[in-house]
């Protein structure tokens, strides 16, 4: 741009200037150069006065630009094909890398053909294991044996969750009766893990047992079993969690947290659930760990 505010520099006669170091070449407009005008190419294409010129020199420039664009496209295609030929077929079948920030990005993805044996997970506290097992038992559908019993007309899912029933009885097989007659504590089918010794031993329905059509009687070998209350008491070093049996699998996780932790504020439970990514078991573990830390601070 000259002193008069025009972006064009008209070529004149040679002007004597002192010699200086050669600078980096600045791109110029070829069409303006054909017509004796020197103009910088940056931001000039839309405003070039000769952009619609159809003289022989400008037509030659157009053809040359088309040839250069075709050559660049061909070179890019050849470069992509050469890169694809270098990659083996085994690497092409692998999935792409996970997005940054994902928690699973830290663990390497094993190949789909080989499945190496994974090391056993570290042991967690007994209260966390008990809460996780109880939540899985309450939220997941029951196994086939329990589903066959639930299919009977005299014992429905609503009757299991209803506390107003007078008898609260349930029919069991001879195998369960033999296990119940043993002096050992009866193990829970869906909630027992070897790492959690404090898991409560409760049957599927949590009700009294009717043997040989007689009167219902509660089990004396399970101290944490209550026939009058439809709740599962989970006791551990961090406290006791009361889990109602009437929880259904279609309940939202926030409602389940409100039932398990009635003393906590709903807003706090919602924030913890969002922080755990909607995982109900992780949220219960966080709440139990916070409760254990608070009790330890009170003792000190």
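Placed from the backbone N, Cα and C atoms, the Cβ positions cover glycine too.
The DNA-binding region (29-76) scores a mean pLDDT of 89 in the predicted structure. Feature annotation from Swiss-Prot assigns DNA-binding region to 29-76; the stated evidence is sequence analysis.
Look at Swiss-Prot and you will find 89-129 (among others) tagged as region 'Disordered'.
The compositional bias 'Pro residues' annotation in Swiss-Prot covers 108-124.
Residues annotated as region 'Disordered' in Swiss-Prot: 157-226 (among others).
Residues or ranges marked as compositional bias 'Basic and acidic residues' in Swiss-Prot: 172-181.
Look at Swiss-Prot and you will find 251-286 tagged as domain 'DMA'. Counted with DSSP, the domain 'DMA' (251-286) comes out as 25 helix, 0 strand, 11 coil.
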Secondary structure content, the DNA-binding region (29-76) (per DSSP, counts of residues): 26 helix, 3 strand, 19 coil
